[in-house]
């Protein structure tokens with residue numbers, strides 16, 4: 001969670017009696033031996049590739065001939081004359097803006113209900129968590145496709161009440177909303193985190209509020225929500241980054257195209273198409289770096305704004 | 001089901017008002033709504049296609065396993081091969097992740113060496129980095145190593161602790177183990193390797209199990225990695241196999257499609273039943289995404 005992360009970045013104070021301040025070479029060598037697999041991975045699979053991808057983003061590269069330096073042309077094209085990029089941005093931002101708040105609202109609502117000391121809490125919690133656990137599978141995306149198909153479960157149910165539903169998946173006006181629904185269906189893991197957060201709020205605060213005559217509504221807005229803001233913050237950051245990176249459902253539901261009419265063209269799906277369908281590796285690398293900048297900007301904004309709405313140690 | 005009815009957490013005081021009943025009704029309805037699609041999939045896999053559309057009742061009246069047989073060998077390569085491939089990739093990933101991440105975590109949590117803080121900060125930094133920026137150069141690297149269409153691009157990174165999240169998780173856990181145990185072992189003449197092996201690892205079974213279970217589930221579910229690196233159907237994982245099956249049968253054979261979907265989810269259900277507590281605690285205490 002957010003606060004344990006901060007805790008982990010400040011390693012424990014070395015105990016004064018433990019060691020002499022100067023570390024022997026032998027000790028350092030042992031440390032580096034333990035760290036060796038990670039170091040190889042860090043340089044060979046993370047740092048090295050990240051730098052190469054930064055370089056490639058300034059080139060034209062199709063895997064066959066050598067990369068050709070084109071300066072900032074890829075970025076200029078992204079910014080000014082790529083309708084597919086604009087479509088992907090529109091779809092992705094709409095998806096993030098709808099899926100994340102809805103998912104977190106459901107997660108908080110259900111967590112609050114479960115925190116009332118009901119019987120059967122573990123059973124409910126398990127049922128609500130199950131979709132989160134399996135949600136990334138292709139099987140779930142396949143199921144979703146059939147659920148919202150023209151003759152799928154939803155329309156069968158609607159037919160019972162006399163409504164003739166459209167084919168949700170192949171209609172560009174509704175396709176994205178089926179993906180939002182799929183994301184909201186997986187509210188279980190943020191719910192578990194909310195539940196853990198709710199458990200930490202001391203009960204005497206509520207008792208005091210009750211004595212002062214605060215209604216349940218007031219208790220929620222004045223006590224629960226403010227004390228829960230660190231958890232809300234954590235969930236918002238994690239879920240938003242995750243939503244930006246969503247890929248499998250859009251790929252399966254649209255058959256890899258992002259259709260109909262680019263209505264499910266998630267950013268990552270567009271990146272995949274550029275890289276692995278058209279082998280425009282330079283352009284795809286530029287797209288990847290734009291995604292990093294978007295995610296970094298969002299994260300920075302969240303952290304900057306957090307001092308105005310996140311209460312630590314309220 | 002296992003372990004669902006008991007809870008060792010201390011729940012808040014029971015709500016004895018009539019409100020509790022309303023909550024139960026709402027939660028039960030919500031549970032049914034959440035599970036209904038999955039039950040529909042399961043039930044449809046036992047029905048002939050005509051029954052999936054013909055009637056809305058869940059219970060299959062003409063119960064049949066035919067869809068499973070049709071689906072199992074519906075492609076040139078059977079699903080048995082896909083399951084075997086997925087199992088190999090997932091188990092190797094579990095071994096690789098647990099080994100490499102626990103080694104790195106031990107170095108960060110217990111040893112002292114020059115530049116330790118620096119590397120730790122870098123490790124945390126990689127947590128934030130979306131994999132898209134390393135994707136293309138990694139692909140080029142593995143292509144040049146001739147590893148495309150082998151499992152190596154999916155497994156080798158796990159042996160190099162690329163999933164830094166698990167390092168972080170294990171560092172947190174290792175730090176909670178009393179140092180006196182290390183010191184006692186040191187007095188008995190144990191070096192760092194033996195302390196890692198006979199003190200730290202055995203005491204960290206819950207954290208290692210959490211890392212192992214999540215690694216298995218995420219690797220089993222992974223679609224993007226196999227999609228990029230595996231082109232030959234003989235090396236497909238279940239996720240790729242299922243996707244090809246969707247493309248080939250499309251809308252023609254729903255029950256077979258549902259049958260194979262159900263099968264690919266089966267290992268996850270088993271993990272869910274066996275390790276539910278571990279999974280939920282893992283999310284609640286570390287913020288792991290489920």
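All residue numbers here begin at 1 and follow the chain in the order shown.
For all residues, glycine too, the Cβ spot is worked out from N, Cα and C.
As annotated by TrEMBL, transmembrane segment applies to B:21-43 (among others).
For B:82-106 (among others), the entry in TrEMBL reads transmembrane segment.
According to TrEMBL, the feature domain 'ABC transmembrane type-1' maps to B:83-275.
Distant neighbours of the transmembrane segment (B:118-142): 104, 108, 148, 152-153, 157, 164-165, 167-168, 228-229; these residues of the same chain sit at least 6 beyond its ends, with a Cβ under 8 Å from one of its Cβ atoms. The transmembrane segment annotation in TrEMBL covers B:118-142 (among others).
TrEMBL lists B:154-174 (among others) with the feature transmembrane segment.
For B:195-220 (among others), the entry in TrEMBL reads transmembrane segment.
Marked as transmembrane segment by TrEMBL: B:254-275 (among others).
Outside the transmembrane segment (B:154-174) by six or more residues, the chain places 89, 92-93, 96-106, 108-110, 123-124, 126-127, 138, 147, 200, 204, 206-208, 210-211, 214-215, 219, 222, 225-226, 229, 286, 288 with a CB less than 8 A from a CB of the stretch. For the transmembrane segment (B:254-275), same-chain residues at least 6 beyond its ends with a Cβ under 8 Å from one of its own Cβ atoms are 1-2, 41-42, 44-49, 52, 66-68, 70-72, 74, 79, 83, 209, 213, 216-217, 220-221, 238-239, 241-242, 245-246.
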